[in-house]
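Trainee: Below, the features straight out of Swiss-Prot:
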type	residues	note
COMPBIAS	86-99	compositional bias 'Low complexity'
COMPBIAS	177-187	compositional bias 'Basic and acidic residues'
COMPBIAS	201-211	compositional bias 'Basic and acidic residues'
MOTIF	239-253	motif 'PAM2L 1'
REPEAT	366-395	repeat 'ANK 1'
REPEAT	400-429	repeat 'ANK 2'
REPEAT	433-463	repeat 'ANK 3'
REPEAT	468-497	repeat 'ANK 4'
COMPBIAS	938-955	compositional bias 'Acidic residues'
MOTIF	941-960	motif 'PAM2L 2'
COMPBIAS	981-995	compositional bias 'Low complexity'
Amino acid sequence: MTIPDPANIIHNDAGTASPHHIWADVGDSTSSSQHEATRSRSDDANGGASASMHAPQHVKANRAAQPTYDSSDLPSFGLSARLTRDSSSFGSKPSSSASDSRRPKFAPYEAENLWATSSTTSHPSKASQSTLSPNASVFKPSRSLQPNHFEPHAVANVHDFDDPLNSAYSSDTVSPRPDHAPLDHEQPQQPSALDPVAVSKVEEQRGDHSIPHQNGLVSAQAQTASDAVSTSKYTTEAADQEEDQDDFVYPGADSPSSGQAAVQDEQQAVTDSQTTKSLTKQESDPEASSTSLSAPAEAEHIVVGSAAEQSLTSSAPAETAVHIDYDTLAQLCSRGPLSDLQSFFHTAQESGLSMFSLSNDPNPGNGLVPLHFAAKDGKTDIVRWLITQAGAIVEMEDREGETALHKAAMAGKLSVASLLLSHGADANAQDADGWTALHNACSRGYLDLVRLLVDRGHAQIDVQGGRGAWTPLMNAASKGHLPVVRHLTAKYHADPFVRNAAGETAFDVAAATFEVYICEILERYEAERWNASKFTTSSPSRSGAIVPGRGPYEPLALHTTIPVILHENQRLDTRLQTLALNGGKPRWSSSSAARAHKPDRRSPSSMPPGPLAPSRTRHVPMRQDDVGLPTRSLPYKLRLRSRVGPAAARRRAAALAAQHTPNPQDCHDDDLASTPTPESVLQARRGTSSVNGASAQHADAESSHFWLCEWQLDTTHPLVDVEHGWQYAQSFDALDDKWSSQPPPPLERLLEGRGLSASVTRAITGGAGFANAQAEQEISSSSWVRRRRWIRVLRRRLDIEFGDDLEACEGATGAGAEHLVLSSESQSNGDGSHGLSTAAIMAAQEAAKSECSQLGPDADYVSRAKALAGPSAASGATPADAMGADRDELARRIARLVMANTELRAAFEDDDVERRSRAEELRKEYALQLGQLREAAGLDEDEDEDAADDDDDEFIYPNSYKDDGASVFTRLVNGETSGTLSRPSLSQRQSSAASMLRNSVAPSEAGTSLAAARSADLAANREFRVPTNEAPNKVVLRHGPTMREQNLQPQWQRDEEAKDCIGCGRHFTFFLRKHHCRRCGRIFCDACSSKRAQLRMAELVVDPSLPSMAASEVLAPTRVCNGCHAELQLPPQLQNMRGADAMMAASRSRGADEVSGRSILETQLEDGAFRSTLAPPSDVSSRASELTECPVCSTTLSALGGSEEQEAHVRNCLENGGGGSMQGGRYLVYKLPEDSPIVGKECSICMEDFVANSTIARLPCLCYFHRGCIDSWFKRGRECPVHARDW
């Protein structure tokens, strides 16, 4: 009967073929070449391909040189030939055990190996029944047991080789170690499976005396095969799961199953020896082949069981593997010395561990290798030995993905970083979060490491790392490392406009951490980059991207977080009076900083020049309260209130009056300008309405930013005192590098009271006793100033869309036209000496561009600059010949020189040294000619004169607010020149007109296009209306001021809304009180509202919370502001109606509007005279002006009878006190009723409110005071505290 092949029954070779396409020739005999054509079944399962075709050449040679028979003169089979992993074409992983055994990673056929070991009997032993055998780890094909595989004629192919995935871990292979004497922990050689004595002894040890019958072999095999299939699935899944969990074991790490693997390897050697001898004997006796098929299986089964039992006794000696003390290794690498570390490595090497495995073995606690420990602690000799001798990998990463270079850069180890770079470390390697070594060095401020990484390691400067996409410049700026920031910007030209994931630049992150001085450095660097990138063709890549050179540099448009800086200025006061009061020592004084006779006088609080300041060339007086947040309508401009001195205000008011007055004879002198007149009120009325409207608009405007902090001292500047923030110098005009953080020795002597003889002598003699230069030098040495910086940081609101991509590109016009195109209003109002012809400028630009285009595209920037300048600016020429030319010629030459200077800016990026030198010389020559031409045109003189006026007059003097602010001119000019309410200057008006058209006009190479500038001129002309395609208006509009809808009823201004006096601009304090004008309802100081006027009930404006206040205010003259008092002096038909009169006039105007279709409220200015179409106001209704109760006793007047009786009662109460008593005929004293209209009003003496049932004194002038206050007052005089009148 033919025995069925179990391989064909339960195994499908084609379906379960290895993905590596490598199969082992399990029955490969190399005895004869006559059976070479016969292939093993393993080759058939592989589609006829032999595994040897994939073998390396050295494996093929070894296989060809192997002997046909072994030492026992028996054929050698592939089952007994083991191929180590070192010889495999797949490579190998270093093992942690001395026996070099590892748990298999590829074992898809364990089940058939199990079937082969358990097929000898239907009643397997307990050892093979309880669980999988330790040796059943890899499938050994079952067809190795078939007769055709054991025929002596089976010939192996010379190209065959053992599969490393099977043979290396097969339980039927021998140990790869060469023949040698048994080691101490090895078991002695097991007896052969065919030795009956040995077999019987083994069976007796097992306790199993049943011998399987031969004829039951096939049935037992078939029965066991089905169980093996299901078991193989479980075993395969378990092996795959273990492979996922332990995919890679670092070299040198102890495996938990290392002892078991060593035992398995020894048992495999014993089992293979027994099986080989049994199979050899069976082949040598063909007649007994039919009766001894079960012999090998039995022998193998017996040996497996005995090996399992022997594992208990052999496991103890196998667990003597080398244990690595990782803590000691880390300490030796971190602290050394090198000799101890070398001894540690030699000891481990003698125990079976290689130096390569130990040097690259990570610490199980933190994942660091020895190279990481040595690098972060700066052990250069250990790092060098680990790399060159121990074989440490330079690019080995830890759990965070950091290399040794990351560790050295973070710790600042320069020598280690240099050594790593010399051995091939990558300076641009990123860790798991994207940080590079340059990020680490910049974050810690190691300038030497930054230079090393960039110069030698070629690290990328603008690389973005981390989850926030930060650049190295951002890391250095946010941590305040000034030297690194300077080096990255000055030498390596880092891009300051790169944004991180939050849309912030390096400037923003520095401002957010209050590194203000670094913000100043970055601001200057950004401005230089911005100006150097003008007129480029780059376009924004995405919304919100920064395009340098597009328009003016505006920090508020480019950044989200910006600091505002103010200077507190003081001067050393060495006057004789101060020395006498201060014990002979000088003192610092803020008021002395603004002395008029000092050439470097400075306001006590000023804003330095910059992009955010009103001026870019000089310090502007500015208090902390004067700085406001930008509004949503103007998000890129700070709201700043500029302070103007009284003298400058009067001069500017006179100049403004001269512009509006056609004849100079009608102008008033400066001394009369301080007194309000009806004419001044009429001239300023239009300006008052516009200023008030703008003030209300900005007061209610929503801010686009918010403050991150309050005002605080800045100590980030390297030249300031770290404790108090002061800087010391001998003049406020000293350069920044001339200031010192500590008082110099001469200043210290002065502060101690020494070296003041010159100051005292000068004070006594008036300066007449100084004749030599030494005395003058001594006097100058006593002049010292100091300042400190106050900062406040504002940040953009996140809930507002700004559209930076459009706003930043708003000013896309050239800088040349911005300096040249002047408002046509100044040309029309003046004599033509304050501006140049725009038409001439535009014509010159067109001609210059035409000449430049003829040079062709290959011309360099020097040639183009010469062509733009024209022949009039040839080398050696001077503009002296243009002094007598007309202004159009001057405008043309100036325009061409500006274009030439703009073209020469390309020299900043030119690498040609010679050409850059010629461009620099040419630029200096053109700048000289341009200055002379501008001087000839009279452009610089006006600007210098304005600057001189501002320097002389625009200062704040403490306790110097002596001007009563009565001048309407002064008040209105103050309002126009304060903050955002000021009328823009000439250049600002030009810029505003140009910015309205910039979005629709493409930028030109040399400046603003001709159409844009012409449109700006036309838009500035009041008489010009741009024609459109819409239908023409049927109604001809009048020429005159545009009327705006406004509330005709004056409103009572709340106290919390007023911080400064509207008249003089002084800040309200405890000593400077607030006063309401009863006619306009606005708040003024006492000096600006000292006038009294008798108002009608319809004109009164009272507090809405105290409606009964009108009854007391109408009886006597009440407080009005100086402007309302001046307006009341006008004829009735020219006065502005207030209160009820205005409401009734509005009602009449609406009725007239229905009839005539024209508003009766329209006004106009013709020939300089004001004419109003308002009708004379009618008398106030008696019902509205009647008193309902007595103001003294609060008696209802309607119950007293007619008007005569009411007037008599009020007169009697006023004269006799209405139940009160007149103290000595001077004032009336009475108890204040609860319903009195003056309850809640303020006593002018103690500033406390009147309370019901308190004792009140009323003077004959109807002024009310507390009884105790007026008694104390009259002890010092006999004048009313309000009216200063004797009683």
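Note that Cβ sites are derived from N, Cα and C of the backbone, with glycine treated the same way.
Tell me what's around each of these sites.
Mentor: Across the motif 'PAM2L 1' (239-253), the prediction's mean pLDDT works out to 46.
Note on the repeat 'ANK 1' (366-395): DSSP counts are 16 helix, 0 strand, 14 coil.
Counting only same-chain residues 6+ beyond the ends of the repeat 'ANK 2' (400-429), those with a CB under 8 A from a CB of the stretch are 371-372, 374-380, 383-384, 387, 394, 435-438, 440-441, 443-444, 446, 448-449, 452-453, 456-460, 463.
Same-chain residues lying 6 or more positions outside the repeat 'ANK 3' (433-463) and placing a CB less than 8 Å from one of its CB atoms are 400-401, 403, 405-406, 408-410, 412, 414, 417-418, 421, 425-427, 469-473, 475-476, 479, 481, 483-484, 487-488, 492-495, 498.
Residues 434, 436, 438-439, 441-447, 450-451, 454, 461-462, 504-507, 509-510, 512-513, 515, 517-518, 521-522, 525-526, 529, 546, 548, 558, 716, 718 of the same chain, all 6+ positions outside the repeat 'ANK 4' (468-497), place their C-beta atoms under 8 angstroms from a C-beta of that stretch.
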Trainee: On the DSSP side of things, how many residues of the repeat 'ANK 2' (400-429) fall into helix, strand and coil, could you say?
Mentor: 17 helix, 0 strand, 13 coil
Trainee: Can you tell me how the residues of the repeat 'ANK 3' (433-463) break down into helix, strand and coil by DSSP?
Mentor: 17 helix, 0 strand, 14 coil
